[in-house]
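The transmembrane segment feature in Swiss-Prot is assigned to 24-44, 57-77, 99-119, 124-144, 183-203, 227-247, 295-315, 323-343, 347-367, 395-415, 418-438, 484-504.
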Amino acid sequence: MIWHVQNENFILDSTRIFMKAFHLLLFHGSFIFPECILIFGLILLLMIDSTSDQKDIPWLYFISSTSLVMSITALLFRWREEPMISFSGNFQTNNFNEIFQFLILLCSTLCIPLSVEYIECTEMAITEFLLFVLTATLGGMFLCGANDLITIFVAPESFSLCSYLLSGYTKRDVRSNEATTKYLLMGGASSSILVHGFSWLYGSSGGEIELQEIVNGLINTQMYNSPGISIALISITVGIGFKLSPAPSHQWTPDVYEGSPTPVVAFLSVTSKVAASASATRIFDIPFYFSSNEWHLLLEILAILSMILGNLIAITQTSMKRMLAYSSIGQIGYVIIGIIVGDSNDGYASMITYMLFYISMNLGTFARIVSFGLRTGTDNIRDYAGLYTKDPFLALSSALCLLSLGGLPPLAGFFGKLHLFWCGWQAGLYFLVSIGLLTSVVSIYYYLKIIKLLMTGRNQEITPHVRNYRRSLLRSNNSIELSMIVCVIASTIPGISMNPIIAIAQDTLF
C-alpha cells in the first residue's frame, strides 16, 4: 500500500515536471529556435541510423549539413530583433550573442564536408561522429547565450564532453589515446577551478546566479572590492583560459592537435575559441565590472605570454599540426586584445571581424592537411616539399591561407590584424600592440618557410611522399575542395570588404 502511494506520488511529480518543462518550451521555444533545429537534426540522425543500412550514409551527412544551414538561416531571420531574456533568466538573446552563434554554426558547417573523405578512408563510425559534432555545436550555442552561472557551466561541459570523445575517436591510435587522457584530466581540473570561482561570486553576491543580478548583489552586500572577488576572478580566468588555450594554459593544445583526427582538430581549433571568447566577454564585462583594472591586467599578461611563446615555439616544430597548435596560441593572444578593449574603440567589433577571418584561414589550412595526409600518411613539414609539382591547386590554396594567417597584405588576415591592433592602440595598449606587431613578423617567417617548401621544384628536394602523391584516393574529393575553396576565398577578401563586415560587427554590441 505504501509502495503504491509512493509510486503514485512519483508519477504525479514527474508529470508536473514534464508539464512545466513543456510550458517553458512552448512559451520560450522561439528564443532558441536555431538550437531546436539542431536538436531535431540530432533526433533524426538517431532514427535513421537505427533503421537504415550502409546505403543511407549520404543521408546522414545531408541531414547534419541541412540542420546547420537551417539553423544559420533562422539566426539571420532573427537578426536585429530586440534583446530578450528567456527561461527565467537563464538565456539571453541579442545580436552580440547571435553573431558568435553564427560563427560556431559556420565552423561546423565547413567542418562536416571536411570530414567526409577522412571518415570513409579511416572507416570511422559516421553517426556517432556527426552526433558529437552537432551536440558540441549545440553546447557552444547555448554557452554564447548563457545568462547565469549554472548555464555557463553546463553548456561548456556539453561541448567539452563531446570534444573529449572526438579527440579519442581513433581508439587504436596510441597518440590519440594519450591526447584524450591529457585533455580529459586538464579539462576536469579546469572545470573544478571554474566552479570554485563561481562559488565565490555566488556567495559574495548574496546568492545570485544571473550575471546582472550578481552585479546588483555585489553592490547590496558591498563585496565588489573584497578578496573573494579577486579569488573568483583568478579562478574563472584559469577555467576560461583552458578553453581559450592561451599561455600558460596551453599545455594540452599541442598534444591534442597532434594526436586527434585532423577534422576533429579543425573543428576544435575554432569552435572552442569562439564559444570561450563569447563567454569571456560577458563574464568579465558584467560581474567583474568593478574589477576592470584587475582583469585587464590579467588578460594583458596572458596575451603577451601567448603571442611570444606561441610564435617562438612554432618556429621549432616539425609537425604541421603541432605548428598550427602553437600558432593558434599566438592567435588567441591577438583576440584577447579585442576582449580587453571591449565596447570602447570598437574592440569587440575588431575581435569578431578577426575571428571570422581566423576561421577561414585556419580551416583552409586544415583542409590542406586532411587532403595531403590522406594521400601520404604524414603531416611532417619537410614532407610537403615540392607539392606544387603534383597538386598546384592544393599548394596555392595552402600558401594563400598561410600568408593570410601571417597577416601579409592584401589578404584578409592583414586587414583583420590591422583593425584589431589599431583599436588596441587607440585604447592605449601600446606595449601590447607592439608585442603583437613583433610576433606577427616572427609568424611570417615560419609560414614563409612552409610556402618555400611547397613551391620548390628541384628534384633533389622533392620528398618521396610527394613523388608518390596521388591526386585522389576516392572517386572524388569534392567535399574537401568545397570547404577549401570557401575558406580560401574568405581568406583572400581584399580590404574593400572590411567596412561592411565591421559595420555588421559594430551592431552586435550589448
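Positions of Cβ are set from backbone N, Cα and C atoms, glycine also.
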The transmembrane segment (99-119) and the transmembrane segment (57-77) contact flag, 3+ Cβ pairs under 8 angstroms: yes
Close approaches to the transmembrane segment (347-367) from elsewhere in its chain (Cβ under 8 angstroms; 6 or more beyond its ends): 96, 99-100, 103, 106-107, 110-111, 114, 262-263, 265-266, 269-270, 273-274, 277, 281, 324, 328, 331, 334-335, 337-341, 397-398, 400-402, 404-405, 412-413, 415-417, 419-420, 422-424, 427, 480, 483-484, 486-491, 493, 498, 501-502, 505-506, 508-509
The transmembrane segment (418-438) vs the transmembrane segment (227-247): 3 or more CB pairs under 8 Å: no
Long-range environment of the transmembrane segment (295-315) - Cβ separation under 8 angstroms, sequence gap at least 6: 233-234, 237, 241, 246-250, 284, 288, 323, 326-334, 336-337, 339-340, 429, 432, 435-436, 439-440, 442-443, 445-446
Long-range neighbours of the transmembrane segment (227-247), counting only residues six or more past its ends (CB under 8 A): 156, 160, 186-187, 190-191, 193-198, 200-201, 203-204, 218, 253, 272-273, 275-277, 279-280, 283, 288, 290-291, 294-295, 298-299, 302-303, 305-306, 308-310, 328-329, 332-333, 335-336
